[in-house]
Each structure stands twice: as structure tokens, then as C-alpha cells.
Amino acid sequence: MRPERGLPCEAEAEERVSRGAMAAGGLSRSERKAAERVRRLREEQQRERLRQVSRILRKAAAERSAEEGRLLAESADLVTELQGRSRRREGLKRRQEEVCDDPEELRGKVRELASAVRNAKYLVVYTGAGISTAASIPDYRGPNGVWTLLQKGRSVSAADLSEAEPTLTHMSITRLHEQKLVCTSCVPNREYVRVFDVTERTALHRHQTGRTCHKCGTQLRDTIVHFGERGTLGQPLNWEAATEAASRADTILCLGSSLKVLKKYPRLWCMTKPPSRRPKLYIVNLQWTPKDDWAALKLHGKCDDVMRLLMAELGLEIPAYSRWQDPIFSLATPLRAGEEGSHSRKSLCRSREEAPPGDRGGPLSSAPILGGWFGRGCTKRIKRKKVT
């Protein structure tokens, strides 16, 4: 029996399509429209079946009716697909959770880490945004991180770095470097240290700061890897020195990094070497990282807590921070005449009463550019609300 009006049944449409193709060597316009209607009908039926199965699976097994049980049995493929989706969602959710080791367990792990640091012939430290959260500077993928908030559709604002001070982790790394226990080598050939945030006008694949070199007149660039970049720039990031240090390392310590970006640089992990000759990896992070399975030891703890225990195990005193002794002020290159208005971010100063010369502290316009981690590199992650 054929329907009088509406969409054709599948068998009828397929028969008509076959007849048309055989008679004219192709499909007529009406036959193509009929085939398209059938295709859309199938897709809608599949979506509706998927919604039904999903609703049933959310119920407890004891609450399902006999008819619902039959529908699940008839839709085994959909059940498998939905269960796989659920497992993947749960896995991703667990990876985003912050986990803290028990205090005694953490102390035991720190003792093992201290032994590795003492015995290391060449220790390299990779740091992430997590080492600065104690200074109220947001990280990226933590519960209140920049990317996390953007994925939830929430807005983020630029952090005021002018009052931030180095954390205990920063000062601990400084002491380790002074004791020749750790190598730091990622330094550009020609660097201008500033006392303000130089990423105001930079963004994804756009590293120029708007200022020029005092000697050669070339455009100055920032020294960060923006979100979405793989860090292949030779200058000013100086990857050659960084990869040279990694190639010599027998121990790598990662602090406060999700390693989502660093994992993309095989040379930093000596992946060309046989596994037995690769450096031992130690990771300090509250969340899962893609290198956890490769690590000799994973410490779930805050960076400052771990470094406090580590320095005590090594018998090293953590130097206190003093703005009056901070080398950034002696290393900083002052702005030239005409460059005072090239930024609007508040500058660092040795004391609250001291105001650096040329520090205007006001926005350049009513809509200042939010660069750096708040530039184009992260705005593409914002969830757009659909307009209906």
C-alpha cells in the first residue's frame, strides 16, 4: 500500500531512483529531491532513536520497562556508541580533576625526588603557569584557569602583574641554579628586559610589540609561545639552546605544567634516543598530564609545597625575595623618547611610593588591546552562543 501524500517510503524512493537512473542514465530533479527527503528522514529517525536510547540508559536497569528493554536490545550499536561516549566524558572529567597526595606519601616522593636531584649530572627544569598561582596569577587548565573558564563560556580579565612577586618555587629554582644543580639556557641573543607586560599588543602568530631595537631598528618581539603555536620560532625563543640543554639532560623536572604544549616538542624529551638512554622524568602537577606514563615519578601537590619539602631535603635555604634586590630593575632597558605611550600596563616598581618615569598607568584607548594569553590565541576557545 502506497501513501497518498507526504514523504515516499524508502522502498518506493529507491525503486524510483533505480528506474530513473536506468532510463535516463541519471536522476531527474524530482528524483534527486525525493532521495534527499528520504536521506533526511533516515537521519531524523536515527537522531530520534539515539535520543530515546540515551534517555533509557540514564534510567536504572530496574526502572526500565519491558518495551524499553526491547528497544535497547534492538539498538545494540547505539548502546555501545553511547556507552563509549560516556566513558570518554568521564575520562576527560577525571583528567581535569586536581588530586593531592597524602602528606606522608608526598614526603616519601619528595625524598625520592631529592635523591634524583643530588645524583643528576645534568638537570633541566620545565616550568608552567602553575608555579605562579601562589602569586594570584591564573594558570590555564586548572579549575579557574583561563582556558577552563573560556570553555565554560565565562569571561576572563587580564591579570594585574604589577603587584605580583616571585613565588617560593621561583626562589627555590634560583637557589638550585646558584648551587649549579640546574641548568637554565633559554635566553635570547639580544633581549630587552622590561618592567611591564610586553604582551599587550601581541597575539597568536603576531609577536611584534610595537617597539624597535635601539641598535639595529628591527621590530622587537615577545618571548612567549601563544596558544595554538608549536614554538618553532628560532628567535627570540632560542629553541636551539633549549634543545641543546635537553639533549644533555639525564634528569628532567616539570613543575606546574599540564605539558599539553611541551609534549609537542619531541626534541625536548629526547624522543630520538632509545628509551633506556632518555632522561628520567619527574612531574609535579595536580592534574593529569600526557607524560604521566613516561614519568619515573609523579608528585600530586602544589609546586610551593613540593619545593619547600625538596629544599629542606637538600639542605638548602630558600632565599627571601626583596624588590630592592630584584635584578630585573638593574637589567631593565628604559624606554626611549617617544616610546612612553607604547604601552598602557602598570609598571613594576621597587616600592608602592616609587613610580617609574614615563609610567602613565592609563589605557591607550577606551578599548585597550588584551594581548598575550588574553589575545587572539585564547578568544577562539570561547563558546559562542547560538542566535535563534
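Placement of Cβ uses the backbone N, Cα and C atoms for every residue, glycine included.
The model shown is predicted, which means the values in this text are computed figures rather than measured ones.
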TrEMBL annotation (region 'Disordered') - matching range among 1-44, 45-88: 1-44
Composition by DSSP (helix, strand, coil) of residues within the compositional bias 'Basic and acidic residues' (29-44): 16 helix, 0 strand, 0 coil
